[in-house]
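Novice: Under the heading domain 'NADH-Ubiquinone oxidoreductase (complex I) chain 5 N-terminal', TrEMBL lists 69-119. Sequence annotations record features per position, and here TrEMBL assigns domain 'NADH:quinone oxidoreductase/Mrp antiporter transmembrane' to 135-427. Per TrEMBL, the feature transmembrane segment maps to 32-50, 87-106, 181-200, 212-240, 252-276, 282-301, 308-330, 336-357, 378-397, 417-440, 460-481, 520-541 (among others).
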Amino acid sequence: MLDLFPLVVLLPLLGFLHNGLLKDRIPHRFAGSIGTLAVFLPFLITLGAFNEFRPMERTAPHLVPVFDWIVVGNFKSSFGYQIDQLSLYMTLIITGIGSLIHLYSMGYMKGNLGYNRFFAYLNLFIFCMLNLVLSDNLVLTFLGWEGVGLSSYLLIGFDYDKSSAAEAGMKAFILNRIGDVGFILGTGFLFWIGGSLQYLQLQTNLSEMSEFANYANIVALFFFIAAMGKSAQIPLYVWLPDAMAGPTPVSALIHAATMVTAGIFLIARLNFVFLLAPETSLFIAIIGAITALFAATIGTLQNDIKKILAYSTVSQLGFMFLAMGSMSYVAGLFHLMTHAFFKALLFLGAGSVIHALHHEQNIKHMGGLFGKIKITSFTFLLGTLAIAGFFPFSGFFSKDLILEKAYTYGAYGSILWTMGIVAAFFTSFYMFRLVFVVFFGKDNTDPHHKVHESPWTMTLPLVVLALGAVFVGFLQTPHFFLHIDTLERFFAPVLNKGYELASEQGSLADHKSLIHEVELSLAGFSVAIGTVGLILAYFLYQRKGSPVSEDHTGFRKILFHKYYIDEIYDFVFVRPFLFLSRGVAFFVDIKVIDRFFLGIGGSFGIIANGLRRLQSGFIGDYALYVVIGTFCILVYLLTRGV
């Protein structure tokens, strides 16, 4: 199957070109089928290749050189792919969940005038993301990184006739450019120090340079800035909630399997850098914990069903960064996968609700849907149990592993664990608030609209994702329950060299060991805190029947308005920048540049006007010009001594 692996990247590109070039000249169903197959077939190929990278059976990556891309002096950058445990893991998630989202889109986007264009953009997104995770060097990774940013701009702003969608796409594009500066600076530093941009060569070169430890923190910080932009961490998270302006399948694709996981992948791929940067790693863990708690509190009072899930995405990404900052990369990658399943399920479930209610998104106008759209309701409930971390759903195992690793992470472990556990409480609360209001609460739907279950193209992906949300957690279980360490053994060939180097350099984080009783107690407390969130949501929104309000006072008002962060950014950054830009446009462009060129044009106009006056039309005037000209020639010849 490894011989067929170039098709994994090529097929989505062909799908994009097919649907993009033919546009509306082919039937919608045909375009949707082509787009879906262009992602599903790579999933099957990856599944076959995955068998060759089973735990402990293969340690060396499989390199697929395509061509030498940039050759300047001693610098050489090839266009090639590195197939190892990490890239295969990401490719399976991207193509597997991506193909389900494509299938779902065939039903969700039915009747949309931009149907074929939408599938072209989806395929482009997948193509760029695959280049990002499969690349064997930083230059090609950056191309995929930028391509994902472009694709998200196109998809978020898909309904470009709506100003909100166009502005949201632009916001995502600009904020991610800030992170891109970090990527470029980090790449420059690594090339300057390591002399290569190939991952394997970099790891070899840096392992032989003891002085790299002096630069590791600054290099890691630059790449973390890049990750903050793509993976929506404080302070660069504000683009992600606005990305809800795109169609719901876009939200699932961006927030589950693709764009937001890019930052997590980047840290895992450059583990040999981050493991030598303990100060930056601690900073990453702190930012992750703050983001997880901060976004979770905002989610408690949002009323837009997609916005609630958007802030939950920001929060769950915070958990992943908490793990990566704790140097527990397996825990972060594990949660990346479980999150991909239950978050895609929740977003697609929300899309099914919106579809059933004729595009209503405010949960104030929902209620009593559990008996009306049973497949959507039941699968959404399973996804909620997973994200809330209830045993034995997948979210329990991955979140519990993150909290355990945070708890044992050096001197700050207890603080990070406390922030994580409080964020877990709010996660359970706002998700069950959503469930009780939408599916079990008072029916506030429009009586003129008949509620209906979605077609099979939309419900089948929900069922498959629900199965994943329930069972994928059993790939990595704690000591007190089965003690399955499949992922830990699977990622060992990718991570072990970095851990060994960090251990030699003395930069490896000191994780305290836990006895089984303490480990069990931490897991039990995590489930208990999630149960408290469920019970509180039940009493407030189900039993008591508190209305979902938009009229808040005090701190609730601050939460409802998302701490006014967007307004602060607008006042501090956007308005001054616009004022400066308009000033430069007026004084430099209009007053200087325009006047300069207008002055040149005006001077030629004056000369031309003077010459025009010489053309009087009188023979006497022309005779005078001849005499004057003859006289001037004679004077010239005489003065020259001719």
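Cβ from N, Cα, C; glycine included.
Automatic prediction, not curation, is the source of TrEMBL annotations.
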Novice: Under an 8 Å Cβ to Cβ limit, what residues of the same chain, 6 or more beyond the ends of the transmembrane segment (378-397), are close to it?
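Specialist: Answer is 312, 316, 334, 338-339, 341-343, 345-346, 349-350, 353, 424, 427-428, 431-432, 434-435, 439, 462-463, 465-466, 468-474, 476-478, 523, 526-527, 530-531, 533-534.
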Novice: Mind checking which residues of the chain, 6+ beyond the ends of the transmembrane segment (87-106), have their Cβ under 8 Å from one of its Cβ atoms?
Specialist: 8, 29, 32-33, 35-36, 39-40, 42-43, 46-47, 49-50, 53, 61, 81, 118-119, 122, 126, 129-130, 133-134, 247, 249, 252-253, 256-258, 261, 265, 333, 336-337, 340-341, 344, 348, 351, 457-458, 460-462, 464-465, 490-491
Novice: Kindly state the mean pLDDT of the domain 'NADH-Ubiquinone oxidoreductase (complex I) chain 5 N-terminal' (69-119) in the predicted structure.
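Specialist: Summing pLDDT over the domain 'NADH-Ubiquinone oxidoreductase (complex I) chain 5 N-terminal' (69-119) and dividing by its length gives 90.
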Novice: Sort out the residues at least 6 away from either end of the transmembrane segment (460-481), same chain, that have Cβ-Cβ distances under 8 Å to it, and list them.
Specialist: 97, 100-101, 103-104, 330, 334, 337-338, 341-342, 344-345, 348-349, 352, 375-376, 378-380, 382-383, 386, 392-398, 400-401, 404, 487-488, 516, 519-520, 523
Novice: Report yes or no: does the transmembrane segment (308-330) come within contact of the transmembrane segment (181-200), defined as 3 or more CB pairs under 8 Å with a sequence separation of 6 or more?
Specialist: no
Novice: Mind pulling out the one from 181-200, 252-276, 282-301 with the most Cβ pairs under 8 angstroms to the transmembrane segment (417-440)?
Specialist: 282-301
Novice: Are there residues at least 6 beyond the ends of the transmembrane segment (181-200) whose Cβ is under 8 Å from a Cβ of it, and what are they?
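Specialist: Same-chain residues near the transmembrane segment (181-200) but 6 or more away: 61, 63, 77-78, 82, 136-139, 142, 145, 206, 209, 212, 215, 218-226, 228-229, 269-270, 273.
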